[in-house]
There are 2 protein chains.
Amino acid sequence: MMSQVKPAERKVRVNLGDRSYDILIGPGLIAAAGREIASRLKGRKMAVITDENVAPRYLEPLMASLGRSGIEAVSLVLPAGEKTKSFEHLIPVCDAILGARIERNDAVVALGGGVIGDLTGFAAGIVRRGSRFIQVPTSLLAQVDSSVGGKTGINSPHGKNLIGVFHQPDLVLADTDVLDSLSPREFRAGYAEVAKYGLIDKPDFFKWLEENWQAVFAGGAARIEAIAVSCQAKAEVVAADERENGMRALLNLGHTFGHALEAATEYDSSRLVHGEGVAIGMVLAHEFSARMNLASPDDARRVEAHLKAVGLPTRMDDICGHLPPAERLMEAIAQDKKVKGGKLTFILTRGIGRSFVADDVPASEVLGFLKEKHPQ
Amino acid sequence: MMSQVKPAERKVRVNLGDRSYDILIGPGLIAAAGREIASRLKGRKMAVITDENVAPRYLEPLMASLGRSGIEAVSLVLPAGEKTKSFEHLIPVCDAILGARIERNDAVVALGGGVIGDLTGFAAGIVRRGSRFIQVPTSLLAQVDSSVGGKTGINSPHGKNLIGVFHQPDLVLADTDVLDSLSPREFRAGYAEVAKYGLIDKPDFFKWLEENWQAVFAGGAARIEAIAVSCQAKAEVVAADERENGMRALLNLGHTFGHALEAATEYDSSRLVHGEGVAIGMVLAHEFSARMNLASPDDARRVEAHLKAVGLPTRMDDICGHLPPAERLMEAIAQDKKVKGGKLTFILTRGIGRSFVADDVPASEVLGFLKEKHPQ
């Protein structure tokens with residue numbers, strides 16, 4: 001699979017019965033959006049939701065493409081940034097969709113990164129108790145993770161992503177040309193999620209990334225291959241466990257620690273973005289697994305070496321500015337949603353590509369570990 | 001089934017695979033709520049949402065019952081009335097649920113009529129992408145209709161119930177004692193939905209109601225029987241078509257006209273409440289079906305005679321104050337959500353108990369009919 005990379009467009013199918021859908025991955029897909037949508041959906045009215053960063057570059061080409069295929073579209077441009085994932089912005093998005101008279105065969109289109117995708121997907125999921133929805137992800141993170149699988153939502157004062165629904169898209173168009181305009185830091189952050197798929201259960205893919213990451217960063221066929229493998233990996237997990245009753249939780253590898261660090265840095269993206277939190281979190285998950293005698297410390301070192309090589313932060317000390325003490329990080333972990341009856345659920349690992357869901361991890365062990373890694 | 005009514009508690013099962021649940025119908029269920037919930041759910045934390053009208057009478061008995069079964073509960077009291085079905089009130093409900101640290105086995109409890117049930121169910125459906133949910137309906141309308149079947153939501157400036165999700169409850173406790181405190185007008189409004197189940201596909205039940213409605217209004221075994229038959233009817237439709245892709249639309253008999261009248265009276269409950277709109281709408285649906293040569297005019301007259309006998313309004317002229325012209329009513333119908341690709345979907349009938357979904361009703365016919373019924 002990985003030995004022969006192809007330069008052309010790739011298609012990944014997410015198998016969910018009558019809610020199955022395609023993810024198209026390749027260059028020029030925004031310009032081809034109208035054609036791809038019109039060939040799959042009967043509706044000819046769309047509402048496109050995007051943000052101020054994405055709109056100047058991609059909104060007009062997308063609207064023009066829709067127009068060429070006879071699709072009548074309205075657009076709404078929101079402020080960029082995590083704060084947009086709020087009721088404050090959800091309400092006008094719902095109003096815009098209803099105002100555009102989107103009916104059952106029409107669709108809502110998210111053009112942007114994870115914030116726009118999560119917010120717009122949530123709006124599509126609740127307008128008329130569920131409207132058709134198309135993802136046009138414009139960040140690597142969104143292309144390999146958030147645009148696939150139907151998790152949508154907004155943040156609450158009580159925590160991130162605490163309000164939302166499962167609502168699958170009808171189509172995902174991952175235009176790989178847009179990745180050329182990402183900052184290196186943003187590309188790296190998305191790459192953390194690519195590496196994650198190798199660490200969950202694809203040790204060969206992780207090895208391939210160790211050897212080919214420069215080509216993935218450079219663009220072209222290797223990048224498309226890495227995105228396609230990532231989407232395929234996520235599609236398989238989602239098809240097996242759409243609503244996270246079991247193995248889907250594996251996708252949270254690195255995320256429990258990562259979310260706690262995001263909360264500890266008050267979601268200040270100048271200090272830490274999601275993918276960076278996941279990178280540090282994955283190293284911590286491997287180190288904690290080694291500490292619990294589940295995995296070899298060599299694996300943790302290998303994970304850290306690779307993420308460091310691509311330029312990702314790998315330790316809590318890599319985060320600039322003051323971090324709260326281990327006890328406060330522990331509180332953030334306890335407030336995270338992956339808690340059942342007071343016990344902590346963690347994704348741990350027996351080695352690279354051998355992660356598993358542990359739902360009875362003692363909080364005292366985690367706290368002891370955090371104190372070691374982050375002495376005050 | 002209908003010949004021998006029983007005075008004791010009744011149970012109706014809604015069969016939806018691993019989301020199946022019980023509806024308990026009978027006296028004293030608020031006082032028994034803690035026991036019924038604790039025997040079914042593992043969680044011991046609840047958030048109870050109610051309104052200012054219901055709270056003085058039933059909140060304390062419910063909280064006491066939960067407490068006796070070791071359930072720790074918090075409560076939130078909202079303003080009464082349709083305006084509460086809004087984002088403005090949804091947000092504090094979500095905050096209250098999250099603030100109570102409701103986890104996966106815990107539950108959100110709606111104590112009230114349709115407004116509280118729809119709003120609370122929606123909040124339960126989106127907090128942590130779906131939390132457990134218990135309905136304790138306190139109006140006849142909520143007991144026989146809105147608390148069963150998982151439709152939840154709020155209103156939008158664009159129309160009623162346009163924002164929401166499908167989210168099934170885990171248990172419905174219909175305490176029939178609470179119906180004794182309803183005003184006659186409110187009881188009648190709920191009765192319109194009871195009669196609806198007969199008109200959809202249970203001609204024998206409609207006949208039984210014609211003969212026994214005084215006993216149903218008086219309370220006791222006949223009332224419990226009527227509620228149980230209604231819940232059973234709704235449960236069967238919901239089990240067959242949970243997400244309204246087909247026959248569930250039959251439950252909207254009378255609702256397309258009814259919603260238009262509710263909109264035309266600006267949801268002013270002093271002029272028209274939902275069940276009254278449905279009563280007029282059901283008569284109109286039968287008359288329109290007769291006009292289309294689908295049903296006998298005698299059936300329309302029989303429907304009107306029964307609804308009139310119980311004291312419900314049956315004609316547009318029964319609504320006090322000015323009604324907008326037929327063209328404006330038609331606009332409200334077109335804006336209703338039961339529209340596909342511009343065509344009008346209506347529930348029509350071939351006679352009492354023989355309703356069906358017609359998805360290609362010409363707007364011109366409907367407009368002509370409305371002009372006849374409501375000349376300016």
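Indices start at 1 and increase along the chain as displayed.
Cβ coordinates come from backbone N, Cα and C, glycine included.
All annotation found in TrEMBL is predicted automatically rather than curated by experts.
Quantities reported herein were computed from a predicted structural model and do not represent experimental measurements.
Feature list (source: TrEMBL):
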type    : residues                                                                                 : note
BINDING : B:Gly114, B:Val115, B:Ile116, B:Gly117, B:Asp118, B:Thr138, B:Ser139, B:Lys151, B:Lys160 : NAD(+) binding site
BINDING : B:Glu193, B:His255, B:His274                                                             : Zn(2+) binding site
DOMAIN  : B:76-188                                                                                 : domain '3-dehydroquinate synthase N-terminal'
DOMAIN  : B:190-339                                                                                : domain '3-dehydroquinate synthase C-terminal'
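Mapped onto this structure are the features recorded in TrEMBL.
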residue: B:Gly114; record: NAD(+) binding site; DSSP (3 states): helix
residue: B:Ser139; record: NAD(+) binding site; DSSP (3 states): coil
residue: B:Lys160; record: NAD(+) binding site; DSSP (3 states): strand
residue: B:Glu193; record: Zn(2+) binding site; DSSP (3 states): helix
residue: B:His255; record: Zn(2+) binding site; DSSP (3 states): helix
residue: B:His274; record: Zn(2+) binding site; DSSP (3 states): helix
Exercise. When you measure from the Cβ of B:Lys160 (NAD(+) binding site), how many other Cβ atoms are you left with inside 10 Å?
Worked result: 19
For this session: List the Cα distance (Å, whole number) between B:Ile116 (NAD(+) binding site) and B:Glu193 (Zn(2+) binding site).
Result: 18
Problem set entry | Count of other CB atoms lying within 10 Å of the CB belonging to B:Ser139 (NAD(+) binding site) | 26
Exercise. Under a criterion of Cβ-Cβ distance under 8 Å and sequence separation of at least 6, what residues of the same chain contact B:Asp118 (NAD(+) binding site)?
Worked result: B:Lys85, B:Ser146, B:Lys151, B:Thr152, B:Gly153, B:Ile154, B:Asn161, B:Gly164
Problem set entry | Number of Cβ atoms other than its own within 10 Å, given for B:Glu193 (Zn(2+) binding site) | 26
Exercise. Mean pLDDT, the domain '3-dehydroquinate synthase N-terminal' (B:76-188)?
Worked result: 96
Exercise. Cα of B:Ser139 (NAD(+) binding site) to Cα of B:His274 (Zn(2+) binding site): how many Å, rounded?
Worked result: 12
For this session: Would you pick out, from the binding-site residues B:His255, B:His274, the residue whose Cβ has the largest number of other Cβ atoms within 10 Å?
Result: B:His274
Exercise. Near B:Gly114 (NAD(+) binding site), which residues of its chain come within a Cβ-Cβ distance under 8 Å, counting only those 6 or more away in sequence?
Worked result: B:Pro137, B:Ser139, B:Leu141, B:Ala142, B:Asp145, B:Ser146, B:Ser147, B:His274
For this session: Could you tally the C-beta atoms, other than its own, that fall within 10 angstroms of the C-beta of B:Ile116 (NAD(+) binding site)?
Result: 30
Seminar exercise, completed: If we take the residues B:Gly114, B:Val115, B:Ile116, B:Gly117, B:Asp118, B:Thr138, B:Ser139, B:Lys151, B:Lys160 that the record assigns to NAD(+), their largest CA-CA distance in Å comes out at 21
Problem set entry | Between B:Lys160 (NAD(+) binding site) and B:His255 (Zn(2+) binding site): CA-CA distance (Å) | 12
Seminar exercise, completed: The DSSP breakdown of the domain '3-dehydroquinate synthase N-terminal' (B:76-188) into helix, strand and coil residues is 47 helix, 31 strand, 35 coil
Seminar exercise, completed: Around the recorded Zn(2+) site (B:Glu193, B:His255, B:His274), other residues with Cβ within 8 Å of the Cβ centre, ordered by sequence, are B:Leu141, B:Asp145, B:Ala192, B:Lys196, B:Gly254, B:Gly258, B:Gly275, B:Gly277, B:Val278, B:Gly281
